[in-house]
Amino acid sequence: MIQLRQLSDVIVKDKVVLLRLDLNIPQEGGKITDNTRIVRTIPTIKYLILHGAKVVIISHLGNPKGRIELTLSLRSVVTELEALLNIKVQFCPESIGSTPKNAIIKMKAGEVLLLENLRFNSGEELNDATFVNELSSLGDIYVNDAFSCSHRKHASICGLPAKLPSAAGFLLLSELKHLTSIFSNANKPFTVIIGGAKMSTKLDLLNSLITKADYLIVAGAMANIFLAMKRFNIGASLYKPELVNVASLILKKATSTNCKIILPFDAVIQNFNSNNITIIELNSSLVMQSNAKIMDIGPKTIAQIINIIKISKTIVWNGPVGAFEQLPFDHGSTYLSKAIAEKTRTGSLCSVAGGGDTISAIKKSGVIDDFSYISTGGGAFLEWLQGKTLPGVEALMQKLDTAKYI
């Protein structure tokens, strides 16, 4: 297990603690649709409040690319934080400069201040030294409780630990503990389900898991790459042609490692002109219309995957298998969620899921509490699965010593 300085190792009373959270949560029309990532960080915030810290929360929302976009203001999460903490949460409309400095000077021990979206400043994603210096000047101690952002070499993830006494929050430690334990002791058959639309990084994941997994179930836009490789006509379905050759190499590698790659063999498609929805077989004779897209896996594919779930001892899931946000394209993710949950409840399956969309899909199915472990990480979860050291975790490891900060 990775050793990191914990909150109990740091004296925070009357100190300004810069607390990095991941408040990049799904919203529709300014309303939060899934507060999981906030809920999981509440114990860390409450600990800091109880121990007399001045808690300054920093985070990002969306990808404004260094520009101010009011629709991506973190002001939208203040009410949710207040409801979960049952205290007043102050908001600062800037993240660096005199405005947050003056707001922090007025803070009392046990109070909470949320700064504006860090990504409104380009220095955050660039890990710019000037931005790091300005941000670090606001606090006395840095705490990282954003596991889901710890794969990024950004200012608030890697820059701040180099400037301030640093520690890991409860959520970050919990993620590392659970994921390390699960993957170091994975019982077989070991099944991995990979879906979603982020294709490039997930192909790397597939390539690394071929030697570990017994079954690799590929769905969503990821599967479209393999279907295109087989020269299936998939209409306007999302995929990246430049990744087809990589998919071919992965299939060949899987053959030599006895890893079975499972692709959809039927699908739910939608014609975007007529809005007609049909179920089709995926084969070499398929001719999809140019304005039609694959939106979900079909019933035969669902049945096949459920059969694999029934014989699996460990399952890792990242990425929905269809466009679950839109009815009726949630069927695949819902059926798989319920099948995994049902077997997990018997005690014969260890089930792990990670990624914002995956969490939302499982939550929508009503069975999220039945999974063995739900990781808040998306990209961080994927990199951890590949055995990579996360930059944010490495930055904390470099600050490890036995001294307490007073």
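Using the three backbone atoms N, Cα and C, a Cβ is placed for every residue, glycine included.
Here Swiss-Prot has Asp22, Leu23, Asn24, Arg37, His60, Leu61, Gly62, Asn63, Arg152 binding substrate, and the candidate from Arg5, Arg119, Arg231 in that same listed site is Arg119. Matching Glu175, Glu325, Glu342 to the ATP binding residues that Swiss-Prot gives (Lys202, Gly355, Gly356, Asp357, Thr358) identifies Glu325. Each of the binding-site residues Asp22, Glu325, Asp357 was scored by other CB atoms within 10 A of its CB, and the lowest score goes to Glu325. Gly62 (substrate binding site) carries neither a helix nor a strand DSSP state and counts as coil. Looking only at other Cβ atoms within 10 Å, the busiest spot among the binding-site residues Asn24, Thr358 turns out to be Thr358. Separating the Cα atoms of Lys202 (ATP binding site) and Asn24 (substrate binding site) is a whole-number distance of 21 Å.
For Gly62 (substrate binding site) paired with Asp357 (ATP binding site), the C-alpha to C-alpha distance reads 14 Å. Non-local contacts of His60 (substrate binding site) by the CB criterion (under 8 A, 6+ apart in sequence, same chain) comprise Asp22, Leu23, Asn24, Asn117, Leu118, Arg119, Glu124, Cys149, Ser156.
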